[in-house]
């Protein structure tokens, strides 16, 4: 390894065998550095050592080839250009500075919520871009025919319910905007899309409208899986019992490039949060190991009691949503119409507001670690939210599509044509009201609850106001809100193609509202958790919401009769029927035969066998990789033990090789570091070997400390130093 030799006095006497062993180690290290293709700038050495390594790789007097001289400046230019692109991308990244500030002040756990919100915004923008490119722009370019008169259907309906056209309308513009009736004849809803008959030469708007939601859901599915897979390799390699040493955090956490006081303050908070999380995790592990059998039995009973109570709360909430939706759709009297319009969204929002609060209190009784507590709260909140949305969809299906009910209008037209002549618009309006109501609640709680609470706590003093304090920023509740809004957006892709645009605007505003609430109106949670322990669950919850949205959409596209009065699929028994028609019109006969074969049982059975084989191979490879990872862990432990043995041998060897106390090579003049060639904490830097007279570097250029100068210690820079 690199050794520092004095150029002012000769070396101390050494034993021949030890000198030969050290020279052999030195020659091996030099050969390794010369043969390595690692760039010099990436090596963990001081600048003087890097210059020496460059001289070893490119000695003077040796001529390089023309290709090397031509390729080197271009390689350096490409590297500089790549770094400039990365800096530019970080500079123009969405909310990079805000995310850095939030992560430093409140920890990576709360920062993960805002990062997740940004990911949802990008998903919505991608969905909107695909819809605009494949549906809206071709529709405007092709100029579909004008809307003709509505079909006059003679419906056999009872006299009690009012048809949709006779439902009282309120001409207040604000109310029409909130309910979505102001946009019934716009491209926001399904009913405004029209197209002529299909032909073999024109672009099919119907096929694009049908496939764009499916493609968007598929792309969102791939993006969520990619984000979920990013954290898996680290968890697999490190394992669940891995803990970063506190010494590594203490000596390597500070960024010495910081020259601004605000950035230094944020960095101090970030390091403090990391150390607090490490100490709290260690304390919880010690307490869990010291529990007796009686304490474990009491804890198990607490788990059972809490989970039974949570299940009862979920069942009651689902029942309330079902009956609220059913009552709202079955009663459309003029006196109650204004209230019943927002009865289902109101009940769902009330459940989603009270549910996380109760779940947080109940799960805290179980005394879980902060990361596990957040994940369990999130799981129960998601079960509540997805079950609520599922029950809401089922109730709408019962009312609109007569699922599980027998009605005369449903037998004739496939849906409840008496009450809903354009049922796609009605479903779209319900989903639109859910999105609007969710955002209005976010604004109301931020400025009508959190802000007055903070002002009252700061204005008055007393035990009550001390107990009340500022609002705690609950990550599970906030994640639940944006996941619910995103699930509703995915459910409405077929009924409201422009709903992702509306949700993108709401997510953009939600980021700044939540940031203001966090920085001004909220207090930091005393139970800190890591982002890596919850980010995976955030995306898992989002994936469950995607599956919940995909199941009703697949049923509607494949098996539900379209409205006779509006939309693109008025003449089709189901929207999917346009696909066989276009296949027969636009594809040649061999392609049609190939598609028939791909959709037949003769192809499905071999495909199933092939997928089974591939799945078996993947599982076998995964198990082999797990065994290899275990072997690498053991090998790493063995290497660490071997290093410690070498350190012990070196500590026994140093007294034998130490010169006289007055010599400049005495042990007192050297720093006590067992990291030769590597920048250890507290050491002045790597040590460089003695060079030939032509390539010799002075000891002053290596930055070798004198005996009177103590080794530098780690400290935070003061404000005057910055």
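Quick reminder: no glycine exception, Cβ is built from N, Cα and C everywhere.
These come from Swiss-Prot:
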TOPO_DOM  1-118  topological domain 'Cytoplasmic'
REGION    1-21  region 'Disordered'
MOD_RES   6  phosphoserine
MOD_RES   18  phosphoserine
TOPO_DOM  140-204  topological domain 'Lumenal'
CARBOHYD  184  N-linked glycosylation site
TOPO_DOM  226-307  topological domain 'Cytoplasmic'
TOPO_DOM  329-375  topological domain 'Lumenal'
REGION    366-534  region 'TMC domain'
CARBOHYD  375  N-linked glycosylation site
TOPO_DOM  397-430  topological domain 'Cytoplasmic'
TOPO_DOM  452-492  topological domain 'Lumenal'
TOPO_DOM  514-536  topological domain 'Cytoplasmic'
TOPO_DOM  558-598  topological domain 'Lumenal'
CARBOHYD  571  N-linked glycosylation site
TOPO_DOM  620-722  topological domain 'Cytoplasmic'
REGION    658-722  region 'Disordered'
MOD_RES   658  phosphoserine
MOD_RES   663  phosphoserine
MOD_RES   673  phosphoserine
COMPBIAS  678-687  compositional bias 'Pro residues'
COMPBIAS  689-712  compositional bias 'Low complexity'
MOD_RES   698  phosphoserine
- [ ] Show which residues of the chain containing residue 571 (N-linked glycosylation site), separated from it by at least 6 in sequence, have their CB under 8 Å from its CB.
- [x] none
- [ ] Give the distance between the Cα atoms of residue 375 (N-linked glycosylation site) and residue 184 (N-linked glycosylation site), rounded to the nearest whole Å.
- [x] 41
- [ ] Count, for each of the glycosylation sites 184, 375, the other C-beta atoms lying within 10 angstroms of its own C-beta, and report the residue with the smallest count.
- [x] 184
Task: Predicted model, mean pLDDT over the topological domain 'Cytoplasmic' (514-536) - done: 75
